[in-house]
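The domain 'BD-FAE-like' annotation in TrEMBL covers 284-426. Under the heading domain 'Peptidase S9 prolyl oligopeptidase catalytic', TrEMBL lists 441-521. Under the heading transmembrane segment, TrEMBL lists 7-27, 33-54, 66-89, 101-120, 141-164, 170-190, 202-223.
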Amino acid sequence: MRRKANTFLLFSNIAIIILGILNYFSIDYKINDYLGIIMSIVLVLDYLSIYFFNYKQLKAYKYPKVFLYLSIIGVFMMIVGNVLRMMYYDYNSIEILRSRILTYAGFLIVFGGAIFNNIKTLSYNKYFRKPKASKLGFIKYIFAIINILILSYLLVVLYSITYLGSVEIYFPHFAFFFGFIGLSYGLIMYSNFRKRKVLREAGFVIGVIFFVLFSIPMLSTVLKIDDFSEKYSSIYSEIPVRENMFSLTDYFLGTKIEGYSYKKDVVFYKDEKGNDDFIELKFDYFYPENSEEKLPVIVRIHGGSWISGNKGFENMMQMNKYFASKGYAVFDIQYGLYNFGEKSDNPRKGNFTIEDLVRHIGLFANYISVNKEDYNIDLDNVFISGGSAGGHLATAYSLAKNNSEYKNDFLDDFKIRGVIPFYPANALADDVGLEGIEAYNSPSLMIEENQPPFLIYQGTHDGYVFVENTKNFVEKYKEKDNKAVALYFPYSGHANDVYFEGYYNQIFLHYMENFIKQQIKD
């Protein structure tokens, strides 16, 4: 049984590496869509093989630990490579090439390590030796207790009603990666404390629990797809726009976005008189290569609690690249930042009010309206999107522009066809001391009939913008016979769309692209 299982795993791991290499070179094959699923299943079987065959039967620990350490390193390399790719503008840049190589190097290390262990296990009589007794038993014992307590604490914290601090921003969308790391770590603890049965089993069990629980955000989100589609279709009709709503292959190995161009750091406003604290505001422009038709417009507004943040990498630049490659003109814009607390050297900071920040969005719209011929864009089809504070500003600007009391404050040519806020921080600006018109702080006060349709991303575990905040806005918006759909993503915290290939973002991207295509008017 042991030899058959390891022979099967050996050839499976080799096949995965071959398929991964084909995927790197963008060679199409039918099984590509399922590679991520196959990777997950085989990797779990590799871990189970170590537990039942290497540990339980052979009492062999040395070479399995090599694979386990390599798998932890490899998974981290995949995460870092995928994140680094989001930092750079040009898809032909050496930096993006390096980040892809880092991702795939991590992939090769994980499954190469598995192959190494399979080979050693098949020839265990020759290669495995009885381990020497350790002189560090007491230190290892204390170390194990500390690690078990830390892992147990993390399990409690991460599955509380809301996450704590920055954990929710950086963790949930990477949870499936960390599940494999937890399983590796549990097996390492088992091998380190093999003479203490209770301790070793506790470490392994916690590792298994880690993997199971950290798989829940992905599994629960995928299982919600039918509910999402039913909810979305109740307001807007769903049309096929993406071949796969969620690809586990892309989650692990990333996506290759090409076919776009960009212009960086275009100045649209420079205060030379001191009325706006001498700020200078810029935007990045992403657009499809070789397009002669007038392009529908997507304006993206960064978050940062109105006091920080920026365009580019800090505003999930992969989204700009993606929509530009799909035929849209994407403007990633800056606005003035509220000077919260101590003085700052940031040239965009000033003693602004909430209406100043909304006005800055309007200044961008004025600039584009005057210079629209330079960008070959269709201002009759404009979509406004942003996350957190950016989602709030997107909402405030869009409603003010379509509100009987405030519309005369905006003289641009934008015809807003839809608004896509991510976890919009409505009615929360005063939490940082940002003052101004109450209607701009709480955009629901500007709701009237015949305002643009909304599609909203909201996490159920968001500790910054609570679910009730979004639910209240949607209810009020619908009361005026306006269209709005909010999709609530299970276990998602704040800003969990920032990993472009994450399960949250991939699935919401399907509905976002659907929404935009449907709202475009000829």
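Just so you know, the numbers here start at 1 and follow the chain as drawn.
Glycine is treated like the rest: Cβ placed from N, Cα and C.
Contact counts against the transmembrane segment (170-190), taken as Cβ pairs under 8 Å, peak for 33-54 among the stretches 7-27, 33-54, 101-120. Secondary structure of the domain 'Peptidase S9 prolyl oligopeptidase catalytic' (441-521) per DSSP, as helix, strand and coil residue counts: 35 helix, 12 strand, 34 coil. Each residue of the domain 'BD-FAE-like' (284-426) gets a DSSP state, and the totals for helix, strand and coil are 49 helix, 39 strand, 55 coil. Note on the domain 'BD-FAE-like' (284-426): mean pLDDT across this stretch is 95.
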